[in-house]
Structures are given as structure tokens and as C-alpha cells.
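Enquirer: Straight out of TrEMBL:
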BINDING   22, 23, 43, 44  NAD(+) binding site
MOD_RES   129  phosphoserine
REGION    216-457  region 'Uroporphyrinogen-III C-methyltransferase'
DOMAIN    218-427  domain 'Tetrapyrrole methylase'
């Protein structure tokens, strides 16, 4: 994040605009709408801009820009002339005085940006691109305008009127947040939108009277293989309402960023021979936080019930009488194969598919080798990078032909995805040459030969 979004209170605060034309008028309109006192310095000024200045009780200074004007204690300055050298001078003088300054359409000479704004006062939504694409910001603003009801401003104002009473009744901040979330999902919202304030007041009074501390709950959520756009809608909703997020090594950073910002985040990742928190400890964490009344999101890469030990975790929850939900995710086999252009089944190549773990136990994968050498089937191995050479040797030793196609996918569905294609005889060597890192998925079968035709990433 290159810029820090911040909401600035400007009521009765003085701002300076350098320039007297149409661009200056647009910027002055925003400042006046926010309650600022606006001064303008320019040799000439549009009549409508001068009217805005007078409306804000500001002053028009008929002169070219001079640093002496900055002796006034301005909160911010906007350079809105059509002369780049003037705008640059404004920026430099403001920087020397630690004044917030914006030079319109001149990113290198800006200390702050003016975002695209969706105004539902007192609710205000802003969209900014750090100056990279103002047109894109405006397009996004238009889209947001269509999905945010105009009544949201009324709802925000109504909530503000009840804020102190709710805070006095519900002292715990986590419980208070849940109260408001439940309230906004109730009929109260529509009553406020329709100006039925008496009914809305009755509803919130009833909700406060009937309020009891919520019981904790665990959400076992599959985060998918890495691409955040592969998350389910339910997964995203629960991630954004959880008080605590317990996540593992396979959850990508972009997905973790979608969780609620102020949620407590606990890393319990497991790498080969290095478990930061043992499974028993993870189970205990889930139970402990839920029994504290918290909403806990157990966020797992892929699908929690496919080599994710999700079953063990909810067994612990059942024994502790903790309420839980399970949200399936796109498993790595589906996601990575699709992004690599390798169908797991195909009428001409494979009529069945088997999911296996390539995890080593005492130096060797424990797999039913004789069952894995049938024709017209696809094998998908999770966690098979370290044992890849041993797996290939065993399949060949049990009768599979050395020329059977193999693909190994690293960091599938992410921008760092790599795919190495070979055969049982040479894939281990090729992988070592490409410096592949985990997480990986290995696909063995004739369907791999379709990648050259079907790859799209």
C-alpha cells in the first residue's frame, strides 16, 4: 500500500487553492462541501469560483502565487493552475512548511491525493489509485454508486444517535460489534431507509433489551489453492466477520488480506518436519477461543476435508460442544490442474482420478502401488515434492511405463505458478533443474499430454 487513506475533518478549517480556473473551481467545491474556509490566490478568477469563496467566508487574493501567502496557517493547499512550474513551486514551498499539498494531475508533486468520492453523508466512501488511473477510480465510483443505497447515510446517522446507549449497555467491544452486525442484517435497516424512525427506534430498543452475550463459533473455511478470486462468497463473508483467524502456511497473502483488518491473526503453519503449532495445539486454540465467545475462522489452503485434517479439528469441536460450520474450498487438484490446462478426466485418456498424499513417512511414501499402475486413470499427488523421485521409481518398479507423462505444478493459480512437464523417467531431474519450491501438486497420467494444447496461463 503506497498511500494511507485518511478522512480529514475540515469544518471551519482554512484551505488554500492556487489557481482561479475550472479545475480550481472543482476542487473548491469539494472543500466547501466539507465545510472548509477556502482562500484562492490567482491573477484572475471565475465568477462562480469567487462566489464559492465568499460562501465559505474565505478570501480571494488577486495576485500570482507567492510563498508569503503561506504565512496563513492553512490545513492544506491545492495547486490547480495550468502552469507546471507554478504547481511545482507551490509543492516545494509547502513541503518546507510540512503542509499537506496536492498538485492536480502532477503525482510527483503531491503529498496527498483527492479520491473519487461516494457521498452518503455521514457515510463517505472514497476510491483512489495513487494517481495511476483517475479514470479507473471514477469508473469504480460509478459501480459503487449503484450498489450502495442512498439511505445508507440515514442509517449511519441513526446509528450515531444510538451509539452511546449501545456502548453503555454492551461494554465488550467484540460483542458490541456483533450487535451492530446483527442489527444491520435485520428489518431495522429498511425501516430507516423508509424514514420509519419510530419503528426503527422500537426495534433497536427491543434488540438491546433482549441482548445476551453470543456463543462462540468456529468456521472451518477452505481458502482454495491461492488465487483470491477462487474464494466462495460464503468463505469471504465469514472471513470478514471473524474475531480470530487461525491460518496455515498454504493460505496466500492476498487471501489473508481479505480477512477483517482488526481480527486477531494466528499463524499455525506446518512445513516439512517443522510444525510451528502441533495439531493438538491447533485443536485446543479453536476450542479455547470459541469458549471465550469469539467467532473463529480456521482458514486452510485448498479444501479442509482433502488432506487438510479438517475432520480431526471438528471432531475436537464436537467433543467440546462448540458450534461450527464447514465451508468447502476449491482443492488444489481442481484449481492447479485447471490453471495448468490439464483436465483430470477426459473421455479419451482417463475415466477415473485418484487423490493421494506424497508425504513421506520414515523416508518413503506409503501408497498402494499395485493399484496405481492401471491405464486410463489420473493420479494427483499432494505434498509430493520431496518424495517425487521415490514415487516415480516405485511406479516404474510396479509396472508403469517410464514414458508416462507427469506434470509438477508449483504455487498453482498464483502469479508465481510454474509448471514442469516430463515423464516418470525424467521429471525428478527436470524439477531439480528448475529450482521448484513448495507448495506443489503432481499429476501423473496421459491427460498431462493435453497441456501443450490447452494451457492458457
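From the backbone N, Cα and C atoms, a Cβ is placed for every residue, glycine too.
What TrEMBL says about a protein is an automatic prediction, not a curated fact.
Looking at the shown structure, can you explain where the listed features end up?
Expert: Neighbour count (other Cβ atoms within 10 Å of the Cβ, all protein chains): 9 for residue 44 (NAD(+) binding site).
In the three-state DSSP scheme, residue 129 (phosphoserine) falls into the coil class. Less than 8 angstroms from the CB of residue 129 (phosphoserine) sit 136, 137, each of them six or more residues away in the same chain.
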Enquirer: In this predicted model, what is the average pLDDT of the domain 'Tetrapyrrole methylase' (218-427)?
Expert: 93
Enquirer: Excluding 22, 23, 43, 44, please set out which residues of the same chain place their CB within 8 Å of the center of the CB atoms of the NAD(+) site, keeping sequence order.
Expert: 19, 20, 21, 24, 42, 45, 46, 49, 80, 81, 82
Enquirer: Using a Cβ-Cβ cut-off under 8 angstroms and a sequence gap of six or more, which residues of the chain neighbour residue 22 (NAD(+) binding site)?
Expert: 46
Enquirer: For a quick check of packing: other C-beta atoms within 10 Å of the C-beta of residue 23 (NAD(+) binding site), how many?
Expert: 17
Enquirer: List nothing but the largest Cα to Cα distance in Å, as a whole number, among the residues 22, 23, 43, 44 that the record says bind NAD(+).
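Expert: Taking every pair of listed residues, the largest Cα separation comes to 15 Å.
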